[in-house]
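Below: the structure, in structure tokens.
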Amino acid sequence: MAQLLSFRVYLSAETQKASPESFKRTQNTRKPFTPGQRGPVTPVRKPQNLNLEVSPHRAVSAVRLMRIEFGGAFADLLNEKGKGSGSNEMSYVERTIGFRTRDLDDRDLRLVTDVVGGTIRWRRYLDHLIGSLCHNERTFRNMEPLLLQILRIGFYEIIKLDMPAYAVVDENVRLAKIALRPGAGDLVNGILRKLVSLKEKDALPLPKVEGDDRAQARALATLHSHPVWMVRRWVKYLGLDEATKLMTWNNTDPGFSLRANMGRGITRADLVERLNSLKVPHELSLHLEDFVRIKTGLQMVVQAGLLKEGICSVQDESAGLVVSVVKPQPGDRILDACAAPGGKTLFMASCLKRQGMIYAMDVNEGRLRILGETAKSHQVNGLITTIHSDLRVFAETKEVQYDKVLLDAPCSGLGVLSKRADLRWNRKLEDMEELTNLQDELLDSVSKLVKPGGFLIYSTCSIDPEENQGRVEAFLLRHPEFSVDPVDRLVPSSFVTPQGFFLSNPVKHSLDGAFAARLVRAL
């Protein structure tokens with residue numbers, strides 16, 4: 001359990017903050033998977049015998065993709081149990097398509113991770129090609145969910161992974177025939193063979209970036225597989241060239257950073273020694289002395305128990321730099337106002353050198369409980385007090401103030417799209433107004449909890465100006481008792497904006513996008 005908690009908390013801590021729905025009085029739960037939302041329903045069949053003919057990674061990937069698309073799973077938690085996740089995923093396959101394949105080995109798990117993440121990222125691009133190669137648009141629009149996922153997998157493997165075409169066609173046809181029916185296999189065979197022929201001729205039917213702004217945005221959205229509204233927004237704020245670079249970054253395989261747990265006395269040198277023993281390639285962070293970057297080998301780190309033992313955490317350097325903006329000091333009383341899942345909470349606690357207290361507040365009691373359990377493995381539980389409350393209610397009813405308050409606000413997550421492959425498809429333009437309204441509410445509430453002379457740190461994992469400096473500027477107009485405390489002495493100069501805020505740019509810094517403003521309350 002501890003290994004699962006560590007991976008979920010640290011891998012997801014900076015990418016799965018509370019959503020706006022978490023702050024509504026009636027909380028909604030994530031909908032269970034139901035395939036009937038598109039095309040004819042694929043019936044759930046009774047369990048059959050073991051099937052050794054079907055490719056394990058393709059069967060698991062197809063079912064996983066359906067669960068993600070219809071609300072039953074997150075894309076980035078696939079390997080949360082390391083070796084143990086194989087049997088868990090296979091149970092979903094059996095319940096969904098009626099049979100099991102052979103067990104997944106480590107290579108299969110890596111392929112599932114690659115295929116699922118890549119297929120989700122490139123979904124709009126793949127669907128454009130699938131639709132173009134179907135006999136007519138109706139065939140594509142009415143395609144049943146499992147069949148569509150099998151085609152997406154085949155297209156991704158041929159175009160983006162450059163796998164041998166004959167093997168991809170053969171294996172995906174077999175999966176469609178056995179999981180669905182012979183006719184489905186024939187359809188997959190015909191469409192994939194068309195794709196192979198067009199790829200060999202370098203004649204894929206892709207749109208050209210031409211016409212007016214709307215037409216160009218639609219073409220770019222297809223070519224780089226992002227929602228149209230997102231493309232238009234980035235072109236507006238960043239310009240065409242930078243927007244294109246950002247989309248390219250979002251479609252690359254993400255790297256990860258590990259933070260040595262100095263709260264347990266683990267130094268970066270100790271962590272490097274363990275990584276060397278595991279033969280995990282790594283490089284030292286250029287910005288933070290406790291962090292190490294890895295591009296591959298995260299599964300080995302999980303399986304070796306480094307997270308379970310509390311040796312390290314998976315935490316992006318951008319999140320670590322936000323903690324640098326907070327600058328926790330021994331003796332500080334710090335409120336982390338939207339704490340769960342708790343990556344920054346734990347890092348701040350490790351900075352206190354056994355003196356002071358982090359008050360971790362969140363509306364989600366279950367996530368706070370996970371945070372408390374993980375704090376024990378990191379040996380900082382004596383420095384963290386959890387508070388289960390809605391920040392707005394707490395601020396109205398409690399007369400308490402803190403030296404520093406971190407508001408790591410619910411946001412769009414537009415800075416972490418390389419790690420959260422599914423997030424781009426779960427965000428809508430209408431969400432932005434709802435989020436900025438919530439951010440304003442939370443800022444107004446949290447301002448009451450900062451003592452005179454104390455500091456309010458507002459942060460997001462977004463690169464959107466309206467969520468970032470736009471919210472700070474509006475807040476300062478409403479609260480003249482606060483002013484900007486520039487972060488130039490706290491983070492490297494390349495991260496400092498002209499207004500004195502912190503901003504990590506995925507393209508410029510090769511990190512997740514994040515923002516932080518440090519505000520001081522007048523005495």
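The backbone N, Cα and C atoms fix where each Cβ goes, glycine too.
Annotated in TrEMBL:
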{"type": "COMPBIAS", "residues": "18-31", "note": "compositional bias 'Polar residues'"}
{"type": "REGION", "residues": "18-47", "note": "region 'Disordered'"}
{"type": "DOMAIN", "residues": "246-522", "note": "domain 'SAM-dependent MTase RsmB/NOP-type'"}
{"type": "BINDING", "residues": "Cys338, Ala339, Ala340, Pro341, Gly342, Gly343, Lys344, Asp362, Asp390, Asp408", "note": "S-adenosyl-L-methionine binding site"}
**OP:** Rounded to whole angstrom, what's the largest C-alpha distance between any two of Cys338, Ala339, Ala340, Pro341, Gly342, Gly343, Lys344, Asp362, Asp390, Asp408, listed as binding S-adenosyl-L-methionine?
**Re:** 19
Subject >> Cys338 (S-adenosyl-L-methionine binding site), number of other Cβ atoms within 10 Å >> reply: 23
Subject >> Other CB atoms, at most 10 A from the CB of Ala340 (S-adenosyl-L-methionine binding site) >> reply: 28
Original post:
Taking all residues of the domain 'SAM-dependent MTase RsmB/NOP-type' (246-522) together, what is their mean pLDDT?
Top reply: 96
